[in-house]
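Colleague: Here it is, the structure in full.
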């Protein structure tokens, strides 16, 4: 590619005498290889454009920048590469000045548009990661199309100096008809300025943007890991063994609601030692379960404050045998029970008993004072409401985490794709621009074979870009396989 003065023809002044040596029968294998690269570049970029057009999943705002990049790469493969190959095997330019200017214009415009397309793609990814909510309202196809048109407009500005340089500088040297070169091929200050604007400045900005993107994605991943640590994404399901069953038969260790009791406070503000649990992670009791192993579900729930009540006097109790497996015969009135179920705002891991086992409770397992029948029914009703509230909050939490996970995955995939595109772009173009800066100040340092190699290395970037998309994007990969009838 030829940002400033990339055409190999334009370097004849710097590498005089080398072109005749290159135009020999030994170039035939090289011409075959370069022609193959040109054909592959055209085919791959046409495949990208057809894939985006035919697959609805690829009709996204971000892929508009990919389309712009593919169009620029397609021009490089279909126009710039073939004419460069043609000029490579000729000892002199014999196609006329108009065709020469057309080739130079396409070379400069397409190569610059390719660079600018990568640049605006990087900006889009940066804003999507750094300002997701604000940029989401701004990120529309209309605005993306306007940005792309702006990049191409700036690229087409190359036509002005290519076609009209002699109008601005009357002292421009007279050009030979057998050479295809720009009027400013020997204007060092202009070439250096355009090299900085077209390559060095965008590259530095893209590297800065990508570092920011990488840090943001890494920060989001760490934040999500911390969030998942306090709010598990999935229910923790454990199979209770016989040991757990035997441990649940011990009196005083059970909660009829399947929720661990919090230590209640006495009127003086101290903790009631009777209600203090030894293990904060005690699982739900087995008093409501059937014989054998059962399944308990541990869910992050809201703490349930259970007020400590006075036990029923021994003379009022009925069914002493059942007392070992029931509520330890609490004597409660409706007012005290209404205060037994205060839900705390902070969430912690609690263990809820399986509601199905709760419904299978036998009469002997739940023998309570007859006067507490209404209280029992109301308590179950309150427990059901509490369970629904907790379940609803958990569903909302899972939904937020799911959406956040999808957004994070998109960020990571987009960052990976952009990183590959930038790496290929820099590796392909940095040799040319380094060599260009050297020969801009040292004409005798020019080597035509080296210069041609750096130019074609830049051209190959247009071949690599379409290969990067399916490697970094699953939708592109599936669409390519579908179009090419490749079975997974």
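Any Cβ shown, glycine's included, is placed from N, Cα and C.
Keep in mind the model is a prediction, meaning the values are calculated, not measured.
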Colleague: Which candidate in 18, 186 appears in Swiss-Prot with the annotation N-linked glycosylation site?
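Modeller: Out of 18, 186, Swiss-Prot attaches the N-linked glycosylation site annotation to 18.
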Colleague: Just to confirm what the record says: which one of 8, 344, 367 has phosphoserine annotated in Swiss-Prot?
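Modeller: 344, according to Swiss-Prot.
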Colleague: Given the candidates 7, 241, 328, 347, specify the residue that Swiss-Prot annotates with phosphoserine.
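Modeller: The residue tagged phosphoserine by Swiss-Prot is 347.
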Colleague: Identify the topological domain of residue 57 and of residue 144 in Swiss-Prot, and say whether both name the same side of the membrane.
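Modeller: Both on the same face of the membrane, per the record.
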Colleague: Which one of 415-419, 420-424, 425-429 shows up in Swiss-Prot as region 'Important for agonist binding'?
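Modeller: Region 'Important for agonist binding', as annotated by Swiss-Prot, spans 425-429.
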Colleague: Which residue from 128, 145, 383 is recorded in Swiss-Prot as phosphoserine?
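Modeller: So the answer, going by Swiss-Prot, is 383.
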Colleague: Per Swiss-Prot, which of 189-211, 212-234 is transmembrane segment?
Modeller: 189-211
Colleague: Please indicate, using numbers and ranges, the residues of the same chain that are 6 or more beyond the transmembrane segment (189-211) and have a C-beta under 8 Å from a C-beta there.
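Modeller: Distant contacts of the transmembrane segment (189-211): 3-5, 112, 115-116, 118-119, 122-123, 125-126, 161, 415, 418-419, 422, 425-426, 429-430, 433, 436-437, 440.
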Colleague: Between the modified residues 140, 142, 383, which lies closest to residue 107 (histamine binding site), Cα to Cα?
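Modeller: It is 142, whose Cα lies nearest.
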Colleague: Need a quick answer: max count of Cβ pairs under 8 Å to the transmembrane segment (448-470), which of 30-50, 65-89, 98-123 is it?
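Modeller: Out of the listed stretches, 65-89 contacts the transmembrane segment (448-470) most.
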Colleague: DSSP on the topological domain 'Extracellular' (442-447): how many residues come out helix, how many strand, how many coil?
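Modeller: Helix (H, G, I), strand (E, B), coil: 3 helix, 0 strand, 3 coil.
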Colleague: Given the recorded positions 112, 140, 142, 383, and counting only Cβ atoms in the protein chains shown, which has the most within 10 Å of its Cβ?
Modeller: 112
Colleague: DSSP on the topological domain 'Cytoplasmic' (471-488): how many residues come out helix, how many strand, how many coil?
Modeller: 12 helix, 0 strand, 6 coil
Colleague: In Å, rounded, how far does the Cα of residue 198 (histamine binding site) sit from the Cα of residue 383 (phosphoserine)?
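Modeller: A Cα-Cα distance of 68 Å.
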